[in-house]
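**Student:** Mind looking over this structure? Questions follow.
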Amino acid sequence: MKGLRKSILCLVLSAGVIAPVTSGMIQSPQKCYAYSINQKAYSNTYQEFTNIDQAKAWGNAQYKKYGLSKSEKEAIVSYTKSASEINGKLRQNKGVINGFPSNLIKQVELLDKSFNKMKTPENIMLFRGDDPAYLGTEFQNTLLNSNGTINKTAFEKAKAKFLNKDRLEYGYISTSLMNVSQFAGRPIITKFKVAKGSKAGYIDPISAFAGQLEMLLPRHSTYHIDDMRLSSDGKQIIITATMMGTAINPK
C-alpha cells in the first residue's frame with residue numbers, strides 16, 4: 001500500500017518492571033528508574049504509517065469498532081483536557097487510586113474499562129515526542145548542546161542507564177500514529193512497537209486536541225527499551241521500545 005511501509009524489527013521481551021515515566025503527548029519532568037533484565041529476542045513485522053490520510057482512515061475505522069458508551073467517551077474527552085493532572089496524581093501515588101476524589105476514581109475506572117474495547121488489530125508502530133526531562137532531571141540541562149545537537153557524553157550516559165531496561169508508566173501514555181509535525185522540535189522521539197491484540201485506542205475523533213492522530217495506551221504499562229541512537233543530524237535521540245502490556249485488567 002502506497003504511503004504505508006512494513007519495517008522488520010527486533011522485539012526484545014523481558015521479565016520484571018521498574019518505575020514511572022511519561023504520559024501526555026508532550027512530557028513533563030519526573031523521576032525514572034530502571035534495572036537490568038533477562039531478554040529473549042525474536043523478529044516480527046510492524047506497520048508504520050507515512051501518509052496522514054491513510055493513518056486517519058485506519059484510525060477512524062478502528063474507532064467505529066469500539067462501541068464506547070457515552071460515559072466512556074466523556075471520560076476520554078475529559079482526560080484529553082486534563083491529562084497532566086490525572087497522570088501526575090497516578091505517578092505520585094504509584095498507580096493507586098484509593099484516596100482520590102470520587103469523581104476522579106470514577107473517571108480512571110471508566111478509562112480502564114474502555115480499553116477492554118480498544119485493541120489494535122495488527123502489529124503497529126506508534127510515536128511520541130519528549131523533552132530532556134523524559135530521561136530524568138539529571139539530563140534536563142545537560143542533554144542539549146548550545147547549537148541544539150545532542151551532547152554525546154550525556155547521550156552515552158543515558159544509554160548506559162536505560163538501554164535494554166524495562167520502564168513502568170503509572171499514568172496513561174499518549175502516542176500518535178505518525179511521527180507528526182509537533183514532534184519536530186522535540187529532542188527525543190520514541191517509537192513504540194505495539195503487538196496485535198494489545199490494548200490501545202485511537203481517540204483522535206473525540207480528543208479535545210484533535211489532529212494529533214492520538215493513540216492512547218493504558219496506565220500501568222511496561223515497555224522495554226530495545227534501541228537508542230542519534231538521528232542523522234544529531235539533534236534527536238531515537239528510542240525504539242516494545243510495549244509489554246498493562247497490569248490493569250478491569251472486568
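Glycine is treated like the rest: Cβ placed from N, Cα and C.
What Swiss-Prot lists as active site is ARG128, SER174, GLU214, and the listing cites sequence analysis. Swiss-Prot lists THR80, ASN87, ARG91, 128-131, 167-169, 183-186, 212-214 with the feature NAD(+) binding site. Residues annotated as domain 'TR mART core' in Swiss-Prot, with sequence analysis given as evidence: 47-246. According to Swiss-Prot, the feature signal peptide maps to 1-40. Sequence annotations record features per position, and here Swiss-Prot assigns site 'Transition state stabilizer' to GLU214.
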**Student:** Where ARG128 (active site) and LEU213 (NAD(+) binding site) are concerned, what is their Cα separation in Å, rounded?
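**Tutor:** So the alpha carbons of ARG128 (active site) and LEU213 (NAD(+) binding site) sit roughly 11 Å from each other.
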**Student:** Between ASP131, GLU169, GLU214, which of the recorded positions has its C-beta surrounded by the fewest other C-beta atoms within 10 Å?
**Tutor:** ASP131
**Student:** Compute the C-alpha separation of ASP131 (NAD(+) binding site) from SER174 (active site), stating it in Å without decimals.
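**Tutor:** It is 14 Å, counting Cα to Cα.
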**Student:** In this structure, which of the recorded positions THR80, SER174 has the fewest other Cβ atoms within 10 Å of its Cβ?
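**Tutor:** Sparsest of the recorded positions THR80, SER174 by Cβ contacts within 10 Å: THR80.
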**Student:** Measuring Cα to Cα, tell me the gap between SER174 (active site) and LEU213 (NAD(+) binding site) in whole angstrom.
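**Tutor:** So the Cα of LEU213 (NAD(+) binding site) lies 10 Å away from that of SER174 (active site).
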**Student:** Can you give me the average pLDDT across the domain 'TR mART core' (47-246), rounded to a whole number?
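**Tutor:** Computed over the domain 'TR mART core' (47-246), the mean pLDDT is 96 on the 0 to 100 scale.
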**Student:** What kind of secondary structure is LEU213 (NAD(+) binding site) part of, going by DSSP in three states?
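**Tutor:** DSSP call for LEU213 (NAD(+) binding site): coil, neither helix nor strand.
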**Student:** Helix, strand or coil: which one is GLU169 (NAD(+) binding site) in, per DSSP?
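**Tutor:** In three-state terms, GLU169 (NAD(+) binding site) counts as strand.
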**Student:** Round to a whole number and give the Cα-to-Cα distance in Å for the pair THR80 (NAD(+) binding site) and GLU214 (active site).
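**Tutor:** Spelling it out, the Cα of THR80 (NAD(+) binding site) and the Cα of GLU214 (active site) are 10 Å apart.
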**Student:** Measure the Cβ-based neighbour count of GLY185 (NAD(+) binding site), defined as the other Cβ atoms within 10 Å of its Cβ.
**Tutor:** 11
**Student:** A 10 Å Cβ contact count, applied to the recorded positions ARG128, LEU213: which residue has the minimum?
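**Tutor:** Least crowded of the recorded positions ARG128, LEU213, by Cβ count within 10 Å, is LEU213.
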